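The structure under discussion appears below in the form of structure tokens.
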Amino acid sequence: MIFIDACFRKPTPYTPIWLMRQAGRYLSEYKQTRTKAGSFLSLCKNVELATEVTLQPVEILDVDAAILFSDILVVPLEMGLPLEFLAGEGPKFNRTISNVSDVVNLQEGAHKRLTYVYDTLSSIRSKLPKEKALIGFCGSPWTLATYMIEGQGSKTYAKSKAMLYKEPYILKTLLETLSEELKLYLEGQIRAGANAVQIFDSWASALECEVYFEFSWKYMKDIAQYIKGKYPHIPVMLFPKGIAGYLDKIDGCFDVFGVDWGTPMALAKSYLGTKYVLQGNLEPSRLYDKESMERGIDEILKIMGKEKGHIFNLGHGMLPDLPRENAIALVQMVREKSKR
């Protein structure tokens, strides 16, 4: 698999490409399947339909990897926090974490109840062309904890930060609990057919530098080390969003570092390019205009060159109203321009 080879710095005929949120509303096929499912959560839990939407961008865009269609919040859901996705508001937990008892009362063994995820991965792998990689994923303990404490997305993370500074032992207990579940969850995904796994730290930028490494990076490193220790042939990818100022402190046992669009690729390369394969980092909005998109591709490929050590991706997820024809052109351009 070209994608897996790139994760381990092996020679590839071109720079491989996949896109975060490549299965999504910019595809009419996705919207039709989503309607069929009835709700977003129902789509995540329906093996047949989740397989269908995972495969759609592989067939339409010809990307080099499929990423499991699911949501990072299925883990706290299976830990006993009722979850709903509200139109225009996003995910919301009807019960939240505010004290040690709430953490202790979380249901153990969530990874055992996520069989619909494992079944979906097995289904995808059986239908995916053998040369295409299958990526599994989870959210970071910190990012999941913020949702569990706030109850939904937040601009200030006030409750999470209040807990961090006033009662850090509660937050650390929650982070440790999540970390242990996520190790076993990713392991289950690998056993079900995932060829690589990615940890999304969507709310990394909410924390100042030293606090970030104590309350987020530490736990991601621990999960990555667990997976690499048991499955050295499986690439582990980390995507911490918005930590351009912290790159000099990045360390750990993982393979691929995802670069968000707010971080200059040249900066990431200067700090991390010899230690990790870099993934990214086209600004998704460039896909609104084909010429702007092509300029962005050229800039990134000029920095990264045609050398080993780069996987092309967006610096964040696909937007719902991006033109599908530009997404198709993006994959074609990257493949053509990066030919060895």
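Heads up, the Cβ atoms here are built off N, Cα and C, so glycines get one too.
The Cβ neighbour count for ALA23 (substrate binding site), using a 10 Å radius and every protein chain shown, is 26. Annotation comment: Swiss-Prot describes ARG21, GLN22, ALA23, GLY24, ARG25, PHE40, ASP71, TYR147, SER202, HIS316 as substrate binding site, evidence class sequence analysis.
Summarising the annotation, Swiss-Prot assigns site 'Transition state stabilizer' to ASP71 and lists sequence analysis as the type of evidence. Other Cβ atoms within 10 Å of the Cβ of ASP71 (substrate binding site), summed over all protein chains shown, number 17.
The Cβ of ARG21 (substrate binding site) lies under 8 Å from the Cβ of GLY317, MET318, each of these being in the same chain and 6 or more residues away along the sequence. Take ARG21, GLN22, ALA23, GLY24, ARG25, PHE40, ASP71, TYR147, SER202, HIS316, the residues named in the record as contacts for substrate: the widest Cα to Cα gap among them comes to 23 Å.
All protein chains included, ARG25 (substrate binding site) registers 14 other Cβ atoms within 10 Å of its own Cβ.
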